[in-house]
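Enquirer: I'd like to ask you about the structure that follows.
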Amino acid sequence: MADMDADTAAHTEPSVEEEEPFFSNLDLLLFSLIVGLVVYWYMSRKKPEPIPEFKKLDTAAPAARETSFIEKMKKTGKNIIVFYGSQTGTGEEFANRLSKDAQRYGMKGMAADPEEYEMAELARLSQIENSLAIFCMATYGEGDPTDNAQDFYDWLQEIDDEDLSGLNYTVFALGNKTYEHYNAMGKYVDKRLEELGAKRIFDLGLGDDDGNLEEDFVSWREQFWPSVCEHFGVEASGDDSSIRQYELKEHTDLNMNKVYSGEMGRLKSFEVQKPPYDSKNPFLAPVTVNRKLNKAGDRHLMHVELDITGSKIRYDSGDHVAVFPTNDSAMVNKLGQILGVDLDVVISLNNLDEESNKKHPFPCPTTYRTALTHYLDISQPPPHQRPLRAGPGKALYHSWVQGACRNILAILEDMPSLRPPVDHLCELLPRLQARYYSIASSSKVHPDRISICAVVVEYETPTGRTNKGVATNWLKNKLVTDNGHKSTVPMFIRKSQFRLPFKTTNPVIMIGPGTGIAPFMGFIQERGWLKEQGKEVGETVLYFGCRYKNEDYIYQEELEEAEKKGVLTQLNIAFSRDQEQKVYVQHLLKNSKEHLWKLIHSDNAHIYVCGDAKNMAKDVQTALQDIAEELGGMTRTQATDYVKKLMTKGRYSQDVWT
Amino acid sequence: MTTKTKAEPKSSGVTNGGARIVVDGDDEVLSPTDLSEMLAEGTKDSHDKAENCQFVKDFLRGRIKRELFKRGTAALYFVYAAMEEEIEKNEDHPHIAPIYFPAELHRREALAQDLEYFYGEDWESQISLSAGTKPYVDRIHEVGQRDPVLLVAHSYTRYMGDLSGGQILKKVAQRALKLPSTGEGLNFYQFEGIHSQKGFKQLYRSRMNELELDAETKERIVGESNRAFSFNMMVFTELEEIGKTIKEEVQDAGLGHSHAEIMEGGDINKCPYYAAKMVASGNPTYACQLAMTLLTHPPCQWALAAWVALLAGFTAWYIL
Ligand SMILES: Cc1cc2nc3c(=O)[nH]c(=O)nc-3n(C[C@H](O)[C@H](O)[C@H](O)COP(=O)(O)OP(=O)(O)OC[C@H]3O[C@@H](n4cnc5c(N)ncnc54)[C@H](O)[C@@H]3O)c2cc1C
Ligand SMILES: NC(=O)c1ccc[n+]([C@@H]2O[C@H](COP(=O)([O-])OP(=O)(O)OC[C@H]3O[C@@H](n4cnc5c(N)ncnc54)[C@H](OP(=O)(O)O)[C@@H]3O)[C@@H](O)[C@H]2O)c1
Ligand code: HEM
Ligand SMILES: Cc1cc2nc3c(=O)[nH]c(=O)nc-3n(C[C@H](O)[C@H](O)[C@H](O)COP(=O)(O)O)c2cc1C
């Protein structure tokens, strides 16, 4: 077995563990959106050219040997061959899908097991016009090939004088990031073929089975085909169905009871609520409190309480509550207007790839209005868009969309020539994701309610627009009673590992500036409750930070009360802007380093960090390493390891987001 | 990774070895006497062996017969039913309460669902406790009744393992057995109550380290964990032996369509790929056969099981 230590692997990754899947997902979806729009835009300017035909090239070939893939390709009129190195079938499945894809682009492909063919023939593939070899290669063991690719691998290693200069190729690698030799086989084939003179016509794709291999593959493939078409100078077959993943079906006579109106899983699950509640079946929790926390300043920090009475939902302090927001109806209407469509048409988008287990991009049948309100993200500008490799839209999209924080509405407003069909847009837009909040209450004290502490996101874009955060603005407007109706929030709980120590006597050190205080409000409630129960409770130290004492020192009364009662044994607050020089939580950590070190090193304290992942969490970690180095008499490396080990052993926990 | 008839790849200077549970040996700085570290360190060798025994290796390559997978699931059902029964009984025991996570960890229900999927509604009447699994189950009940602190070792060995390598096994099984992507038959590997396995393992370690234990008890827990590893190897060895008697076609997804084409209406033995593989993989069975012979003598079972499992693992590791 290879080195699969999950913890070690994770050390090389950003510490934003919680957030990562969400963002890579988003990246992917946004990327396909951009590519889709570019392709659409590009194609809509040009008349489709006739599709070249890849007819049988050589019908008079002599009876071919079974091991000659060239003969087989010639006989069957194929120009693309997809080799797979696969042990458990994923690579083979991808190869089959790629070979089927080819048809949609006016080419013909076949999947092939390298073990069954004479691979030295690769040097002669150029005999076939517009030919291309694709390799789907999985990695095993210690960066080894699969059994069926072993001979191919050996051959690649042995040949030195082979000239593969006529060979067009591309590689998609299948692997798993938790292994030390991540995608070694795919990378090797990609590099080696280039060394031997072959022409890489599209960049290596890296699939990570630890993340989402299917999505890695799909996004690679979506970029790959347009690039192949471009390379061979062919247009993808005529109409743009060739680049569509879903097929539109309009329903005219469907009973509205069969139409999704925002449910995540079961139809009508919002009308007839049934536990257990989860991401497919969220609970509609009434909002019982919604108040502004900050005393002044132009931001809006809020405390929201959700009533979970009767839901059978249980939570622990430190868990996350997920909420499903909806988009601003004015924005949805505007989209409908710009695109000139009736938003109340009932539709389904059905996957053209029948093998895919994702039948629809979002629950169908539904209306465009519901899709754009509940299921699709229409307000997020692409945050970290991967650079576009080629194509006419590169410069345009990169700075124009990302740089200027344009969301889809802004894009359509500023680019009147771009009017994609609304169903195509629905296919390309990313899914609207649930938003997570660290629960700011303790179930010991409040078993029937869940508190959220959040800051409303609102910012100016370079084009002079105001972008508003979807969930926080929606939450802000969830008044306790709305025209006599209770406001409700679709929510579910996600368990976390951010937990108070089991032994109440163990000290806890909580570090959470800004909204990072959220879970600690729950922790403090719980430690207070334990004290009231007569339990002996260890030291409870809080490091909080905000901008100004008189503006955003949130929960001031509660915190000072807890300190008075001795629940908080230390309340340290860094007001960053009340003086010339910035004062942050990490500065206060340094100020009380002796005591901290004793708590950590001798008294088994648990450290908790919550809030901003980008800078704060890293700076705090560095500060703690400095303290270990100084007071523990360690070298830098030892101090770094010391802190890492605290993490591995669950004594240094982070609940951070970007 | 390869069958031994083929040369090892020459490129990277790789070493043979198991998944490294990376814990620096000589770290004096941060409580090396914490139970989580003693366990990781003290079961390293057992882990290497477990991972490298033939059955596990075959499994990892996607060479697993459906029948064997079903039996393996049944064996796990008996093990987890016993373990969770004893944990429930000792739920308030000061050494169990901190690591009591029924919602997150407990597998009995999940295994029952899997068995229902594989065997149908009357699954309970179709499965039975095998000879290779019985000593494991007996031991769990024994410690649960006489020495509950040792349940920590059993629970560590299984749950932490399931949260680590288990996810790989799930994917392999899904592909090799062509199980539905919706997860039927694989509920065992799906921890619905755990969002981040890495994060949960950290929490679990912190809880083990909060247990108030003297040095001697910690050593005993490490010892028991190694024993739990041996019991697992016994289960694997038994499955491997049974596998040899089952004439089911190897569910080798790697052969896929091309294989199906060759084999249309044909005899599997004519398939050159299949034949070569049988020759190559049929080798390191001697140790296992020995194990089975001994296992049929109940008095020897117990004492020898650990040794045999060790030997089998070692032989497999050495030969391959
Ligand atoms: C595990 C976890 C716990 C969390 N806990 C909390 C919590 O307790 N409290 C809390 O308030 N939040 C918390 N969050 C964050 C929360 O989930 C939301 O991301 C946040 O509230 C914003 O959601 P939104 O829908 O309002 O904004 P969105 O519509 O999602 O907009 C946010 C996006 O806008 C962009 N953006 C924001 N500001 C700017 C700017 N100045 N310039 C350019 N672009 C910008 C960024 O791309 C950002 O990702 C947590 C997140 C996670 C993952
Ligand atoms: N929109 C922004 O400008 C901005 C900036 C930072 C974070 N964020 C994001 O907004 C989310 C919520 O922020 P919030 O409103 O709760 O926090 P906030 O009120 O913006 O910040 C809380 C306190 O943390 C301070 N701080 C800034 N950088 C820090 C660092 N590197 N280390 C320690 N403290 C630091 C701030 O000081 P100063 O503000 O005086 O420097 C402030 O006193 C976070 O997840 C974060 O990712 C946004
Ligand atoms: C099937 C082959 C196996 C593979 C691929 C495998 C893989 C792994 C991996 C990658 C880890 C991660 C180490 C870490 O997170 O620090 C791990 C840990 C672990 N494995 Fe396995 N494993 C296998 C078999 C087993 C078996 C058979 C057992 C016992 C029944 C087992 C028990 C454990 C335990 C207890 C840990 C936790 C170590 C710790 O963090 O203290 N594993 N395994
Ligand atoms: C036993 C085993 C070992 C693996 N070793 C590696 C490795 O060293 N590097 C890597 O990137 N991926 C590794 N993987 C991940 C596989 O390459 C990945 O799961 C891939 O999708 C399998 O494709 P296949 O189904 O076509 O065989 C390993 C998987 C297993 C089961």
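From the backbone N, Cα and C atoms, a Cβ is placed for every residue, glycine too.
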Enquirer: Hey, TrEMBL has FAD bound by A:Arg435, A:Tyr436, A:Tyr437, A:Ser438, A:Cys453, A:Ala454, A:Val455, A:Tyr459, A:Gly469, A:Val470, A:Ala471, A:Thr472. Any idea which of A:Trp155, A:Trp220, A:Trp225, A:Trp657 it lists too?
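Expert: Given A:Arg435, A:Tyr436, A:Tyr437, A:Ser438, A:Cys453, A:Ala454, A:Val455, A:Tyr459, A:Gly469, A:Val470, A:Ala471, A:Thr472 bind FAD in TrEMBL, the matching entry from A:Trp155, A:Trp220, A:Trp225, A:Trp657 is A:Trp657.
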Enquirer: Per 10 Å Cβ neighbour count, which of the binding-site residues A:Ala138, A:Val455, A:Ala471 ranks highest?
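Expert: Going through A:Ala138, A:Val455, A:Ala471 one by one, the largest Cβ count within 10 Å is at A:Ala138.
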Enquirer: Restricting to the same chain and to sequence separations of six or more, state which residues have a Cβ under 8 Å from that of A:Gly469 (FAD binding site).
Expert: A:Val456, A:Val457, A:Glu458
Enquirer: With CB distance below 8 Å as the criterion, list the binding-site residues among A:Arg435, A:Val455, A:Gly469, A:Ser576, A:Gln586 that sit near chain B.
Expert: none
Enquirer: Excluding near sequence neighbours, so keeping only residues 6 or more apart in the same chain, what lies with its CB under 8 A of A:Tyr437 (FAD binding site)?
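Expert: Listed in sequence order, they are A:His320, A:Val321, A:Ala322, A:Val323, A:Ile452, A:Cys453, A:Ala454, A:Ala518.
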Enquirer: Roughly how wide, in whole Å, is the group A:Arg435, A:Tyr436, A:Tyr437, A:Ser438, A:Cys453, A:Ala454, A:Val455, A:Tyr459, A:Gly469, A:Val470, A:Ala471, A:Thr472, A:Trp657 that binds FAD, by largest Cα to Cα distance?
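Expert: Largest Cα to Cα distance for the FAD-binding set is 23 Å.
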Enquirer: Out of the binding-site residues A:Arg299, A:Val455, A:Ala471, A:Lys582, A:Gln586, give me the one sitting nearest to A:Ala138 (FMN binding site) by CA distance.
Expert: A:Ala471
Enquirer: Check the binding-site residues A:Gly141, A:Asn176, A:Tyr179, A:Tyr182, A:Ala471, A:Ser576 for any whose Cβ is under 6 angstroms from an atom of ligand 1, and report them in sequence order.
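Expert: Result: A:Ala471.
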Enquirer: When the Cα of A:Arg299 (NADP(+) binding site) is compared with the Cα of each of the binding-site residues A:Gly141, A:Arg435, A:Ala471, A:Trp657, which one is closest?
Expert: A:Ala471
Enquirer: What binding-site residues among A:Gly141, A:Val455, A:Ala471, A:Ser576, A:Tyr584, A:Trp657 have a C-beta sitting less than 6 Å from any atom of ligand 2?
Expert: A:Val455, A:Ser576, A:Tyr584, A:Trp657
Enquirer: Listed binding-site residues: A:Ser86, A:Gly89, A:Ala138, A:Asn176, A:Tyr182, A:Arg299. Which have a CB under 6 angstroms from an atom of ligand 4?
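Expert: Near the molecule: A:Ser86, A:Gly89, A:Ala138, A:Asn176, A:Tyr182.
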Enquirer: Of the binding-site residues A:Tyr179, A:Lys582, A:Tyr584, which one sits closest to A:Ala471 (FAD binding site) when you measure Cα to Cα?
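Expert: Checked the binding-site residues A:Tyr179, A:Lys582, A:Tyr584; minimum Cα distance to A:Ala471 (FAD binding site) goes to A:Tyr584.
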